[in-house]
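To keep things clear, I will list the structure first and then write my remarks on it.
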Amino acid sequence: MDITTNDLNHDDHHTPHGWKRWLFSTNHKDIGIMYIIFAIFAGIVGGLFSLLFRLELAMPGGTFLNHDFQLYNVLITAHAVIMVFFMIMPALFGGFGNYFVPLLIGAPDMAFPRLNNISFWLLVPAFILLMGSAFVDGGPGTGWTLYPPLSSISGHPGAAVDMAIFSLHLTGLSSILGSINLIVTIFNMRAPGMGLFKMPLFVWSILVTAFLIILAMPVLGGAITMLLTDRNFGTTFFKTDGGGDPVLFQHLFWFFGHPEVYIVILPGFGIVSQVISTFSRKPIFGYQGMVGAMVIIGFVGFIVWAHHMFTVGLSYNALIYFTAGTMIIAIPTGIKIFSWIATMWGGSITFPTPMLFSIGFIILFTIGGVTGIILSNSALDRVLHDTYYVVAHFHYTMSLGALFTAFAGFYYWFGKISGKQYPEILGKIHFWITFVGVNLTFFPQHFLGLAGMPRRIPDYPEAFAGWNMVSSIGAGISMAAALYFVFIVFYTLKYGKDCPNNPWGDGADTLEWTLTSPPPFHTFETPPHIEE
């Protein structure tokens, strides 16, 4: 791709300074940076919560939290909601999406800059509401799924669950507004000559994700609003004594909840495609197949939601359909895995930190995918449902998969964002500590699940003690790795070497590498022309 660009030095024009620059910012780069900082902060908080309940689970007896099992449930709930809505989505979709989509398509900014500002700032009150809910009336001990009747006014009297519901309303609104912005930007603001099928795969992944958010989030909003009125205004959507059905809530929640796991992982797929192509010095293998796989994953993700509900009493035909549909998702996912491997095959591969995290992602995601095939079988799921086998499965895919893509993207683009290049040896140490830590945490949970240990239980028989101790040690290592990552960020900002325009060489051929590091405040005011 021959790229001609006009590097304008208007950095200082119309740039507000101090706190106003960040509070009132309509610049996509500033907002992307704020999303990433917010995500790192929320991720540390959510990680500390998980460390607390892993310490509780390290030994049987329930002594660490002093037998306060409501607190245990609140920690479980807060950990999940923070990691999904306040860590991984703001990092991948909000942070990298906002910062790099305009750069990758040659746009001067996002289509609706002020909408972009409110999309970010809605997250802050949402996070405060969620944190505050933990200190009100014992906190929301419902799990992130908020199932009634546990989340009903009889199961949780007081304002805690209502605050959590309003928190989800705000974060959902933030996501929907951000999605509208990104869709309009991608369709209307591409540089001349950049057709849809010339866009980098990261842009495609954000586009598909944005459509998923717009289709899925309102369903969650409707479900939790119905729960809110059940709790406060006497409706009986989910109360059996008034003709309602709590299983209806599960259908509504998981109709959002299953697309949500693809909302979390799809931007990561895009990042991995960019990174593997760059460090294999080859174009991505099967570009159109990769695009098609993402679109198919997005579509099929909407029609398999009840595989989360195999034990609620679905009809035999429904079990067959949802089992088959879930297994079919393995096909487009397999296309992506094999295309990444084919891209590396025969390439001039180097292994800097972003590439290590991408390869680590492929390994972890494949393990999680294999256990997903096992869980998709409704007969086997009767045994494994709500055990630690499920916890291991979704952490290997949604959590470790998405987390490793976030780290890959961060190390890949950190020099471009900050103008400082991280020390390679520190990044590689971070990768290996994280890789060992997360596998030590979650791999033993497969064995616990197969042995029958249920999820969300603060105490357990001594037979499960060994693997739980291993898992808790792994959680400590993983948390240490996360804090080490924060150290690397600050160390790089203070002592890092200046990053060249393109630190990665010939393989990095997308538009952002034609700009300075960091890019000027206003970029592509004259659109670049994309030629074959």
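Any Cβ shown, glycine's included, is placed from N, Cα and C.
Features reported for this protein in Swiss-Prot:
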BINDING   His79, His395  Fe(II)-heme a binding site
BINDING   His258, Tyr262, His307, His308  Cu cation binding site
BINDING   His393  heme a3 binding site
TRANSMEM  33-53  transmembrane segment
TRANSMEM  74-94  transmembrane segment
TRANSMEM  95-115  transmembrane segment
TRANSMEM  118-138  transmembrane segment
TRANSMEM  163-183  transmembrane segment
TRANSMEM  252-272  transmembrane segment
TRANSMEM  284-304  transmembrane segment
TRANSMEM  318-338  transmembrane segment
TRANSMEM  355-375  transmembrane segment
TRANSMEM  394-414  transmembrane segment
TRANSMEM  431-451  transmembrane segment
TRANSMEM  473-493  transmembrane segment
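Features recorded in Swiss-Prot, as mapped to the structure shown.
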residue	record	contacts (Cβ under 8 Å, 6+ apart)
His79	Fe(II)-heme a binding site	Gly46, Phe49, Ser50, Phe53
His258	Cu cation binding site	Gly301, Phe302, Val304, Trp305, His307, His308
Tyr262	Cu cation binding site	Thr209, Leu212, Ile297, Gly298, Gly301
His393	heme a3 binding site	Gly368, Thr371, Gly372, Leu375
His395	Fe(II)-heme a binding site	Gly368, Val438, Thr441, Phe442, Gln445
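Here the transmembrane segment (74-94) does not lie next to the transmembrane segment (431-451) in space: the count of CB pairs under 8 Å, restricted to residues six or more apart, is fewer than 3. In this view, His308 (Cu cation binding site) is surrounded by 22 other Cβ atoms within 10 Å of its Cβ, with every protein chain counted. Those same-chain residues not listed among His258, Tyr262, His307, His308 yet with C-beta within 8 angstroms of the centroid of the Cu cation site C-beta atoms are Trp254, Gly257, Pro259, Val261, Gly301, Val304, Trp305, Thr326. Listed by sequence, the residues of this chain that lie at least six past the ends of the transmembrane segment (318-338) yet keep a Cβ under 8 A from its Cβ atoms are 269, 286, 289-290, 292-294, 296-297, 300-301, 303-304, 306-307, 310, 362, 365-366, 369, 372-373, 376-378. All chains included, 23 other C-beta atoms sit within 10 angstroms of the C-beta of His307 (Cu cation binding site). In three-state terms derived from DSSP, His307 (Cu cation binding site) belongs to a helical segment. Packing against the transmembrane segment (95-115) from elsewhere in the chain are residues 5, 26-29, 31-33, 35-36, 39, 177-178, 180-182, 184-186, 188-191, 194, 199-200, 202-203, 206, 209, 267, 271, 409, 413, 417, 510-512, 515, 519, 522-525, 527-528, 530: each is 6 or more residues past its ends and has a CB under 8 Å from a CB in it.
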